[in-house]
Structure formats: C-alpha cells, structure tokens
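Following: one structure in structure tokens, then a few remarks.
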C-alpha cells in the first residue's frame, strides 16, 4: 500500500524521489504519533472530604443560621409596623435601617471579642444572583397588570433599554473624563462604563408603595414599575457587556470596533435571553394546556415551580442573561400558562410567589444595611458627590427627552409633573450593590472604592429620595381625587399587609368560550398586539373552559374551604362562642 502511494505520488510529482518520499512519509506518519498525548480526565467538581468538608459544612450551616436569624428579626419588625399602624414608613426603608443597627451591634460584639461573625455577615453576590434575585424578578413579571403593561409596552421598552443605556453612558463617560481631569480617582473606560451600567439599575420599591397608597395615575404607576423591572435586566446585561470587554485584550482594537463588539454582545444577550424566556413560557402554557393536571394541584404547582426556574438555569448555562430570561418567562406564564391552572393552584401560585419574593427582598435590604459595617470601605467624598450628581443628571437626560419624544405618539400624554416624579423616583436598590461586589476589579482599592460609592448612592436614594417622595407627590398634586379626600392617617405604605389581604382578580378571571368571544374577539377597539393576542395567541396557548369546568372548579374551591373550616371548628381551642364573636 505504501509502495502504491509512492508510485501515485511519483506520477503526480515526477521530481520527487522514492528516498525523498520515504523520508516525507516517515515524517508524516511517525512524528505526529510522538506528539499525541492522552488528555487527562478533568474532575467534574472539586470534592472535599474529611476535615475540610466538615469545616465547610459548619461554615455553611452558620451562614444559613445567621441569614435566617436576620430574616426573622426583619419579619418581626414588619409585623410591628403593621400592628402599630406605622404605615407612613416604607418597609424597605425600615429594613435597611434595622440592618444598619444590627451591623453596629455586631461590630460592637466583635470589638469586645464576644463572637466573630465576619464571614456570616458578608453579602455573597453568588447567593444573591442564584437564590435571591430570580424569585424577585419572576414575581415582578408574573404580577404585572398585563393590560396597562402591554398598552404601554413601547414607552416602557424605550425607557428601560435606551434610557438605561443613556444613563449608563452619561455616568460612565462623566466618571472617565472627571478622572482624566484629576477631579476624582481615575478609572479606565471599561471600568467607568461598568460602574455607570450597574448604578443605572433602579429599584423604586418605596415609590411604588407610595403610588399604590395614594392611587396616582395608573399610567404613571405602570411606567415607573414596568421600567424598573426591565431596567434591572438591561442594567445587568450592560454590566456583563462591560465585564466581557474587560476580560478581552482590547489594546489593539479601535474604539469603533470596541463599540460594535459591545453592541453585538448586548443585542445577543438581550434578545437571546428574552427569546429563551418567552419560548419557555409558551412551552409551559402548551404543556399545561394538553396535560390536564387540574385534579392534582400538587403536581400542577410543582410543574409551575419547575418552569419558573428553568429558563434561569438554562440561560446562565449557555452564557445568556438568566435575569432577562426569567423576567420574560414570568410575563408570558402569567399571561398564558396561569389561565390553564385550576383555581386552587392559581391562588397557591400567587401567594407563594409573593411570600418568597418578600422574604428575598427583605433579606437583600437587611444585608444592604449590614454592609455599612461588614464591607471593607474606601470612602472618597469627591467621588461620591460627583457620582450622585452624574446619577441624577443621567436620569434627567433619560426621562425628560424621551418623554417629550413619546408624547408625539401617545394618546395619554406624559405630563411635566409625571416626568418629574419619574425622574425623582429613580431609587437605587440591592442590584447595584450586588453587581458592584461581582465586578472583577484590580487592584483591591478600586473594588472597595466602587463598592463604597455604590452603597452610599443606594442609601442616599432610598433614605432621602424615597422618604421625600410622598410629600413631593402631595405637593405636585398628582394623586387621585378620592385619595386626596382621605385622611392622611389612612395612607398605608405597607406592601406586605396589602398583599396578604388581597387576591388579584385578574389572575382568577376564567372565561368560557362564549364569554371570551363576547369580551375580546368582538371588540372593535383592540389594535396591534392586543388584537393579535385576543384573536390567535390566547386561544392557541390557553384552555377555554366549559360550564362543566367552571362548575368543577367552584366545587373544588368550596370543598377545600369547607374542609378547612371544619378543621378549624374541631380544633382544641375552637368553640361556638368564639365563632359567634368572630362573626
């Protein structure tokens, strides 16, 4: 065979001798065999055994114990706020203040050498992004008022995407040029843009509570709430984009090429993650439409929990944004999948998500307060002041020009008062703080400077801006007329109390085929996506109920209610007198 190959090559290459061919053949056949080495198998995970594993287990146990203890104290605080009707104080502000107080107490205990909780009180970014943030984001998307959201989807997207990008460029560019002018500490371009991106994430929890209490314009409420939800995901994607540029060697790449690479990465992350979350939500709707689990609510609820977290894990596993994916999945599952569930699972899903999101938000705000004493700080007053100025200016450049632009296309105009409230309500929350800890910055002093500045801005916006939002709304006179006639003592800023006392009717409105056609398909005022959704998407992805299905659902709810009531009556402490007293 070798000789045949030699003759063939001799015909193709007549100047090649057999000796040369033999040498060449020997080289090509033998030399590679000497270079090939068997690749050692890589360990899947580093496995800890023995004493090291036991120490890790003890450390994790203490961290879990400390987190649950902090959370229990915060729950007691929220209970006291509700019981003693301290409704004028937003719960987020109270929890952050309690966290600061607990941090001071722990610092005194450590100073007296009574205990050492430095490792337990440290805020871990991985725990935040893997455990705490996904339920918060999913519940936000799942609880959106879909009517107002889809009617204002264009405005919300413009504020959340382009507005956040404008704010990030304004803050990042300002920090970079001020550093080059030796006004503040110097940061390179990518680090400046990363900080501008993370600090552009707004979290108006206190503001939304005030909006709901004062019954402000629902359009203003949805613009602020919808923007804050999408804005969080966009800010995370922008920060990841800046981090990706930092990891690459961009020294021999022009500024225009860098911009195009960053734009391509952002578009891939944004649209890829949104498409993945949307697809997962639609698949969950089809699965629960064709696999009827309504007679077994436990299995139905378990399937919903799986689909809720599924897009986050998949997106992070393929290098997309899990937060963006789980947000769009929550919106789609609420709009389609939720209406394929039994009434019991609908209520169970709604209340479970609210409870878990409340616990996660409370834990985050508490650790935000604790970070005042647990985080190694590097405080520069000039850097903090200039960053606050740039954050407020970037928010203004975001809100006012885009609002004037949108008013050319909107029937319901955004008034100057509404613009001012939207600018003022741009509070910063736990996401900027977690992102600041997640940044891989060198040297350590730079990381400490960014973390300390982020904490200062977050506390400034939550405590000062959040605390003065209610007087500003009353002064601007944009609250509803009915709320204006109320006594000021009746204003309730407790988000927890309202969640416990209400069940959203939008999530329990099940219509038969005839009722759905009368309510939606025959309406002449539906346009664009709303018409497409009512005509084709909703009938395809949701189950239209028959009168028999509605009757079975009511019987199921009535049976469970009667069973619970009988168990309460037969309890050891129950009596007829107590029952009459309650009635």
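Cβ coordinates come from backbone N, Cα and C, glycine included.
Values in this document were obtained by computation on a predicted structure and should not be read as measured data.
Among the features that TrEMBL reports, transmembrane segment is placed at 64-82 (among others).
According to TrEMBL, the domain 'Cation/H+ exchanger transmembrane' annotation covers 73-473.
Annotation comment: TrEMBL describes 88-106 (among others) as transmembrane segment.
Annotation comment: TrEMBL describes 127-144 (among others) as transmembrane segment. Residues 225-226, 229, 232-233, 308-309, 312, 322-323, 326-331, 333-334, 338, 350, 353-354, 356-357, 360-361, 363-364, 430-431, 434, 438, 504 of the same chain lie 6 or more positions beyond the ends of the transmembrane segment (127-144) yet place their CB under 8 Å from a CB of it.
Among the features that TrEMBL reports, transmembrane segment is placed at 156-179 (among others).
What TrEMBL lists as transmembrane segment is 191-214 (among others).
If you look at the transmembrane segment (265-288), the same-chain residues 6 or more away from its ends with a CB under 8 A from one of its CBs are 161, 233-234, 237-238, 240-241, 244, 300, 303-304, 307, 310-311, 314-315, 320-333, 336-337, 340-341, 541-542. Annotated transmembrane segment per TrEMBL: 265-288 (among others), in sequence order.
Same-chain neighbours of the transmembrane segment (318-336): 129, 133-134, 137-144, 146, 149, 229-230, 232-234, 236-237, 240, 268-270, 272-274, 276-278, 280-282, 284-285, 304, 307-312, 507, 537-538, 541-542, counting only residues six or more beyond its ends whose CB sits under 8 Å from a CB of the stretch. Feature annotation from TrEMBL assigns transmembrane segment to 318-336 (among others).
Sequence annotations record features per position, and here TrEMBL assigns transmembrane segment to 356-375 (among others). Tertiary proximity for the transmembrane segment (356-375) is limited to same-chain residues at least six positions away from its ends with a CB under 8 Å from its CB atoms, namely 67, 70-71, 74-75, 78, 91-92, 95-104, 106-107, 118, 121-123, 128, 131-133, 135-136, 138-140, 205, 429-430, 433-434, 448, 451-452, 455, 458-459, 495-496, 499.
Listed by sequence, the residues of this chain that lie at least six past the ends of the transmembrane segment (381-406) yet keep a Cβ under 8 A from its Cβ atoms are 154-155, 158-159, 162-164, 166-168, 170-171, 174-175, 178, 183-185, 196, 199-200, 414, 418-419, 422-423, 426, 428, 449, 452-453, 456-457, 460. Annotation comment: TrEMBL describes 381-406 (among others) as transmembrane segment.
As annotated by TrEMBL, transmembrane segment applies to 418-435 (among others).
As annotated by TrEMBL, transmembrane segment applies to 455-476 (among others).
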